[in-house]
Amino acid sequence: MEIAREKSGAKSECIDSGEETLRESIVIFDFGSQYSLLIARRIREMHVYCELVSHDTPWEKIAHLNPRGFILSGGPSSVYEPEAPLAPAYIFESKLPVLGICYGMQAITQQLGGVVEHSDKREYGHALLHSNVINTELLADMPEPSPVWMSHGDRIEKLPAGFKSLAYTENCPVAVMGNESDIYGLQFHPEVVHSPHGKIILKNFVFNICKCHANWTMGNYIQESIQNIREQVGDGQVICALSGGVDSAVVASLIHKAIGDQLTCIYVNNGLLRREEADRTLHVFKNHMGMKIIYVDAIDRFLESLGGITDPEQKRKVIGSEFIKVFEDEACKLGQIDFLAQGTLYPDVIESVSSVSKASAKIKSHHNVGGLPAHMKLKLIEPLRYLFKDEVRLLGKELGLPDEMIWRQPFPGPGLAIRIIGEVTREKLEILRSADWIVMSEIKKAKMYHQVWQSFAILTDVKSVGVMGDFRTYGYLVAIRAVTSEDAMTADWAKLPYDLLSIISNRIVNEVKEVNRVVYDISSKPPSTIEWE
């Protein structure tokens, strides 16, 4: 352990791993892997609470989570590089179980006295895992051999003292390692779908080795959140931004359950909404929520702010900033308002900052967590910021929200502005609304609305020549986007039936006179994002 402390540069900290609190958790240290959030999802699916934190997070920042074990994620670095990120020494001193994945395994090796070197035989993609031992808790119930997903260019040349190889692949003699102190390493990614039995390993680690209990439920989360909201708000006043989506609906319902009439909901029509969206949203909220709701017509204000702007990142910044200004204006009218409630989710937080880890790059700003001006006078309250989308839906069901709201497809905070390539104008908004209405109508008619994660139209800035009747046309190109996903962190393009795509295309070019060409986006995430901007 002295080796680990010296290599991490950390001082020894006194840790009592046996302290009992109301919650137990798995803490995941992020080293910059694109799959880090998937690890968290897999643990949450087991009804065990977990959090993803930066690899250099000090003990005092996670002690309240009552960790029962640690997972070290993968990452793009090599542990033998001078500035390579390493795990804090306290995870080894805690006597708690540790599981390193890919780079995390190499960090364990390096910090505990082993040797990691560059490999001439890199492994990227599928491999077959073969066990070296008959009985091991970590690999219990794993098929022999088992397909796994590899993504590494370094290898373990020498195991740390006390460790042994538990499994191997054709090009990797140490694909799984472990010692008698329940410190393990995997040279593959058990969290991805390409490792079909990877969940077995994670379950073995969480339940059999860390001895966690599957007791983290949305019912428990509601009670805990209500207590936290009451403590945070006190006798203050809260305004909540309603969008009509499940996120803001759940936030409003949860906060209202906690503080009642201390909450005022504000619905802003920014002119970037879909057809009939404002009317439908107000109808649902007034009939099912029983809350104080203020409707704000800010169409002119938003469209003027967006005039001449074509850069997608700038659009998001402007819209986010304008939203806050609107809420500040409304807060002044209402009197003393202390908090702004938002439906920020865990993936929003991860994508918008330079990751939880300092080792990966920012993808793009999110409306809920980006574009906020430095002078913002309202304090934020974000009770969903550690939840995934599917967890928010479960929470909404637990709170008694109508299915129409719970299962509504995600709609971005910046609205149609980021589905119009180039400058946003009133004319383009009407064109896109008409095309999008057709897409949604036909998707619902085909009973595929709940089979896809999102489906929508994009108005591109491309125009092309066409022929309608005896006349030449020069119209816009509209793209159709439909994806399947679990959490929006990764997504695959939806294999919609050709007949359905044909119907949608024919309706758009015949009913939206400004459009004469329709294409279907067959890109997955990654490398593309779900939204075009």
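Cβ from N, Cα, C; glycine included.
Positions annotated as active site, nucleophile by Swiss-Prot, on the basis of sequence analysis: Cys102. Sequence annotations record features per position, and here Swiss-Prot assigns active site to His189, Glu191 based on sequence analysis. The ATP binding site annotation in Swiss-Prot covers Ser243, Gly244, Gly245, Val246, Asp247, Ser248, Ala249. Swiss-Prot lists 25-215 with the feature domain 'Glutamine amidotransferase type-1', giving sequence analysis as the kind of evidence. Per Swiss-Prot, domain 'GMPS ATP-PPase' is recorded for 216-408, and the stated evidence type is sequence analysis.
Here the features listed in Swiss-Prot are painted onto the structure.
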residue: His189; record: active site; Cβ contacts under 8 Å, 6 or more apart: Tyr35, Gly74, Ile101, Cys102, Val148, Trp149, Met150, Ser151, Ser195, Gly198
residue: Glu191; record: active site; Cβ contacts under 8 Å, 6 or more apart: Tyr35, Leu38, Ile39, Arg41, Arg42, Ile101, Gly198, Leu202
residue: Ser243; record: ATP binding site; Cβ contacts under 8 Å, 6 or more apart: Tyr267, Thr281, Gly343, Phe411, Gly413
residue: Gly244; record: ATP binding site; Cβ contacts under 8 Å, 6 or more apart: Tyr267, Leu273, Glu277, Ala278, Arg280, Thr281, Val284, Arg408, Phe411
residue: Gly245; record: ATP binding site; Cβ contacts under 8 Å, 6 or more apart: Gly343, Arg408, Pro410, Phe411
residue: Val246; record: ATP binding site; Cβ contacts under 8 Å, 6 or more apart: Lys389, Val392, Arg393, Gly396, Leu401, Met405, Ile406, Trp407, Arg408, Pro410
residue: Asp247; record: ATP binding site; Cβ contacts under 8 Å, 6 or more apart: Gly343, Thr344, Leu345, Leu384, Val392
residue: Ser248; record: ATP binding site; Cβ contacts under 8 Å, 6 or more apart: Cys240, Ala241, Leu242, Gln342, Gly343
residue: Ala249; record: ATP binding site; Cβ contacts under 8 Å, 6 or more apart: Leu242, Phe285, Met289, Gly396, Leu401, Met405
Surrounding CB atoms that lie within 10 Å of the CB of Cys102 (active site, nucleophile), all protein chains: 25
Average model confidence [pLDDT] within the domain 'Glutamine amidotransferase type-1' (25-215): 92
Cβ-based neighbourhood (8 Å from the centroid) of the ATP site, residues Ser243, Gly244, Gly245, Val246, Asp247, Ser248, Ala249 excluded: Leu242, Val250, Val251, Gly343, Met405, Arg408, Phe411
DSSP-derived class (H/G/I helix, E/B strand, else coil) of Gly244 (ATP binding site): coil
DSSP state at Ala249 (ATP binding site), helix/strand/coil: helix
